[in-house]
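Worksheet: the structure to be examined is printed underneath.
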């Protein structure tokens with residue numbers, strides 16, 4: 001093999017590796033105007049001049065929302081959110097990932113408004129291959145309307161971890177090898193919205209929105225998207241590499257400290273777990289309910 005040919009092969013491999021790295025991770029700009037587009041009611045969306053904070057408004061005219069300009073397959077998404085203060089019954093603030101396909105995948109945070117003085121309920125849900133009915137609910141252990149708090153999703157080949165201020169509140173493991181649907185092929189957009197959910201959100205729809213308390217405002221800031229941008233080929237995102245750090249073995253389960261926090265949340269703050277709702281599933285709970293979480 002000639003020296004020239006060896007050099008050409010080396011350059012080719014270098015270009016290939018560089019190409020793969022360039023498509024395997026992205027760090028967001030932190031500017032909502034650059035990373036997201038308004039999808040719903042621009043008149044109800046306010047963004048600060050530096051693009052770092054965005055607020056959504058709900059009134060009798062409309063709700064509002066925005067979506068990421070890119071789609072992603074695996075990674076970690078962080079968003080700081082300050083929820084609707086005061087009497088917010090019937091309102092829903094959603095921060096989620098969605099594939100927008102007929103058999104869609106989705107990873108949801110939904111914050112359910114309340115009557116003044118009551119704790120906020122955080123509902124999480126996972127759609128996989130179009131199947132949902134995987135809700136869990138907790139009471140937040142702080143007032144999420146006073147300050148911004150960080151809500152995160154770690155999504156990789158091994159597990160989905162929902163986190164609040166880095167504390168894991170929910171796990172959904174990849175048990176696809178055991179016949180459990182898991183989001184692993186469809187890229188997802190990052191979305192946020194504020195909308196009228198008073199048919200179900202607060203006490204099963206008993207508490208309706210009191211429009212005299214509006215307009216209702218939720219604010220978002222300091223988003224971080226450390227994820228694999230979709231380029232049409234899942235191979236780049238499914239690979240384990242220095243940039244695809246989330247797919248490494250160390251992120252395949254919780255650390256011992258994370259497990260302690262996770263158990264604390266489940267013991268003291270959980271108010272609904274679909275895996276304990278035998279009535280709903282007629283004593284035929286979803287298969288993952290009998291499989292290990294970590």
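Keep in mind that glycine also has a Cβ here, set from the backbone N, Cα and C atoms.
TrEMBL entries are annotated by machine, without manual review.
As written in TrEMBL, here are the features:
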type     : residues : note
ACT_SITE : 106      : active site, nucleophile
ACT_SITE : 110      : active site, proton donor
DOMAIN   : 21-220   : domain 'GH16'
CARBOHYD : 114      : N-linked glycosylation site
SIGNAL   : 1-24     : signal peptide
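Overlay of TrEMBL annotations on the structure.
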residue: 106; record: active site, nucleophile; Cβ contacts under 8 Å, 6 or more apart: 96, 97, 98, 99, 125, 126, 127, 132, 183, 188
residue: 110; record: active site, proton donor; Cβ contacts under 8 Å, 6 or more apart: 92, 93, 94, 96, 122, 123, 124, 125
residue: 114; record: N-linked glycosylation site; Cβ contacts under 8 Å, 6 or more apart: 88, 89, 120, 121, 202, 207
- Task: Kindly state the mean pLDDT of the domain 'GH16' (21-220) in the predicted structure.
- Result: 94
